[in-house]
Amino acid sequence: MEQVNELKEKGNKALSAGNIDDALQCYSEAIKLDPQNHVLYSNRSAAYAKKGDYQKAYEDGCKTVDLKPDWGKGYSRKAAALEFLNRFEEAKQTYEEGLKHEANNPQLKEGLQNMEARLAERKFMNPFNMPNLYQKLESDPRTKTLLADPTYRELIEQLRNKPSDLGTKLQDPRIMTTLSVLLGVDLGSMDEEEEVATPPPPPPPKKETKPEPMEEDLPENKKQALREKELGNEAYKKKDFDTALKHYDKAKDLDPTNMTYITNQAAVYFEKGDYGQCRELCEKAIEVGRENREDYRQIAKAYARIGNSYFKEEKYKDAIHFYNKSLAEHRTPDVLKKCQQAEKILKEQERLAYINPDLALEEKNKGNECFQKGDYPQAMKHYTEAIKRNPKDAKLYSNRAACYTKLLEFQLALKDCEECIQLEPTFIKGYTRKAAALEAMKDYTKAMDVYQKALDLDSNCKEAADGYQRCVMAQYNRHDSPEDVKRRAMADPEVQQIMSDPAMRLILEQMQKDPQALSEHLKNPVIAQKIQKLMDVGLIAIR
């Protein structure tokens, strides 16, 4: 086991120094000695990814997940490899699977957000550039009539030449119709799972269903039941709940197969604040509805009302359960929004209930012990648990940042340092650990800035002074060739993602041909951020 740890540490140092082949050899030798060690496969996956051998990185990521299915890092490795292989949908699914095991893993959360953004970009690539554009518009009756309007043609040409204007034109119903034709989808139904309600699409052609019976076709008992229901509705609107209940009760007796009269009674008890009786009636209504093959939308309403009753009582777990039952019957934006609201409240309640500074201290001490032994993955787990128990303790983020740095996860180390500094701006370790991570990434300019901030707080801080001096010397002795700059930059996953984005490649080519285009692109904050990143790593320069 000692030999395995030595090989692993040797591999980590080689990978940090950019000696990828040496790192791969060390990890492979360690795996031969300990083939069930998931951390070794995870590290080798990272090395293969840096080398550009994404298929092998993916295979090692899969092996990591197989050996340790509850470890978020394994899913992160596997998903990252899938990203590089341009298998975005699979990458998204892998991030989602990882979050089932580690719901608060920041790397998985960020990865999932990036994948959703990438998939959204793919989904809405400029369709106005297709070669047979007008032929397609002519062949569809929805757009054929629009082509007679010169302003419509002008609009199409504008979007063809400047697709960035599409976002400002989506309010125009002609554009939504055009997109439906060009993309071959009904955009009215695409947002079914969005939180916010959207205007419903045009009704589809009616199916051959039995027509709703008119009152004159109904049996006498059903007619009387409807009249009682109307009287009940009038009383309900006037807040005369006792009278409303009497009429709904008569309607139910006249037509016992109709669940609506029972759900109306439940609505009255809901307004009266008798939530137990409301739920009992809703359950009874669902039973009657099932027996008589009632419309699933009515069943969904009954479940939603049960959910609302629990929400009123602040029993959010029960509310979520019944909201989901309602959504399984029939999905509506209002119920979805209410369910998400309950989930958000419950999550916050659970987070606050979990806070315990004494247990946080215990976990911190366990983390310190593991860190001293060199078991950084286990130390990180203890620090993460400590943070959940006491999220306002800046030192915990600093300790976890030290773990991330040891595990070569410099971006995550930087995030924890930022959180540490935000919580306690005068805590020196937050600055020195952030600077150390930047130094390890060979970003000497930024590292010097952070070391200087530490010295501003404490001019006698030897760690900051030594670090600053190291960065000055490293910067002075640096004679990187363009190839070295590119190799180091491409080892950064964020840079890899930017450079593999077809849209960004197009923008960079356009900037080379037409430098004036830069100012236009910089108006988009997302693109500006990506360009700034490429400038920071030295891949591009603007004069």
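If you go along the chain as it appears here, the first residue is 1 and each next one adds 1.
Keep in mind that glycine also has a Cβ here, set from the backbone N, Cα and C atoms.
Annotated N-acetylmethionine per Swiss-Prot: MET1, in sequence order. Counting every protein chain shown, 8 other Cβ atoms lie within 10 Å of the Cβ of MET1 (N-acetylmethionine).
Under the heading N6-acetyllysine, Swiss-Prot lists LYS8 (among others), citing similarity to another entry as support. The secondary structure of LYS8 (N6-acetyllysine), as reduced to three states from DSSP, is helical.
SER16 (phosphoserine) falls within a helical segment according to DSSP. The phosphoserine annotation in Swiss-Prot covers SER16 (among others), and the record cites similarity to another entry as its basis.
Taken from Swiss-Prot, the feature phosphothreonine applies to THR198 (among others), supported by similarity to another entry.
The N6-acetyllysine annotation in Swiss-Prot covers LYS301 (among others). Other Cβ atoms within 10 Å of the Cβ of LYS301 (N6-acetyllysine), summed over all protein chains shown, number 24.
What Swiss-Prot records for LYS312 (among others) is N6-acetyllysine, and it gives similarity to another entry as the kind of evidence. Following the DSSP three-state reduction, the secondary structure of LYS312 (N6-acetyllysine) is helix. Other Cβ atoms within 10 Å of the Cβ of LYS312 (N6-acetyllysine), summed over all protein chains shown, number 13.
Positions annotated as N6-acetyllysine by Swiss-Prot: LYS325 (among others). Long-range Cβ neighbours of LYS325 (N6-acetyllysine) (same chain, at least 6 residues apart, Cβ-Cβ under 8 Å): TYR303, GLY307.
If you look up Swiss-Prot, you'll see THR332 (among others) marked as phosphothreonine, on the strength of similarity to another entry. Following the DSSP three-state reduction, the secondary structure of THR332 (phosphothreonine) is coil. Applying an 8 A CB threshold to same-chain residues 6+ apart, the list for THR332 (phosphothreonine) reads ALA300, ALA304, SER326.
Secondary structure at LYS344 (N6-acetyllysine), taken from DSSP and collapsed to helix, strand or coil, is helix. The C-beta environment of LYS344 (N6-acetyllysine), restricted to residues of the same chain at least 6 apart in sequence and closer than 8 Å, is empty. As annotated by Swiss-Prot, N6-acetyllysine applies to LYS344 (among others), with the evidence given as similarity to another entry.
According to Swiss-Prot, the phosphotyrosine annotation covers TYR354, on the basis of similarity to another entry. Long-range Cβ neighbours of TYR354 (phosphotyrosine) (same chain, at least 6 residues apart, Cβ-Cβ under 8 Å): LYS388, ARG389.
Neighbour density for LYS446 (N6-acetyllysine): within 10 A of its CB lie 17 other CB atoms from the protein chains shown. Per Swiss-Prot, the feature N6-acetyllysine maps to LYS446 (among others); the stated evidence is similarity to another entry.
Among the features that Swiss-Prot reports, phosphoserine is placed at SER481 (among others), with the record citing similarity to another entry.
In the predicted structure, the repeat 'TPR 2' (39-71) carries a mean pLDDT of 91. Summarising the annotation, Swiss-Prot assigns repeat 'TPR 2' to 39-71.
What Swiss-Prot lists as repeat 'TPR 3' is 73-105. If one looks beyond the repeat 'TPR 3' (73-105) by at least 6 residues along the same chain, the residues whose Cβ comes under 8 Å of a Cβ in the stretch are 38, 41-42, 45-46, 48-49, 54-55, 57-58, 60-62, 64-65, 67, 111-112, 114-116, 118-119, 122, 377, 384, 388, 493, 496-497, 500.
Residues or ranges marked as repeat 'TPR 6' in Swiss-Prot: 300-333.
Positions annotated as motif 'Bipartite nuclear localization signal' by Swiss-Prot: 222-239.
Applying an 8 A CB threshold to same-chain residues 6+ apart, the list for SER16 (phosphoserine) reads LEU408, ALA440. Cα to Cα, MET1 (N-acetylmethionine) and LYS8 (N6-acetyllysine) are separated by 11 Å. DSSP gives MET1 (N-acetylmethionine) a coil state; it is part of no helix or strand. Counting only the Cα atoms, the space from LYS8 (N6-acetyllysine) to LYS446 (N6-acetyllysine) is about 29 angstrom.
Every protein chain considered, the tally of other Cβ atoms within 10 Å of the Cβ of LYS8 (N6-acetyllysine) stands at 22. Calculated from their C-alpha atoms, the gap between LYS312 (N6-acetyllysine) and LYS301 (N6-acetyllysine) amounts to 16 Å. Break the repeat 'TPR 2' (39-71) down by DSSP state and the numbers are 27 helix, 0 strand, 6 coil.
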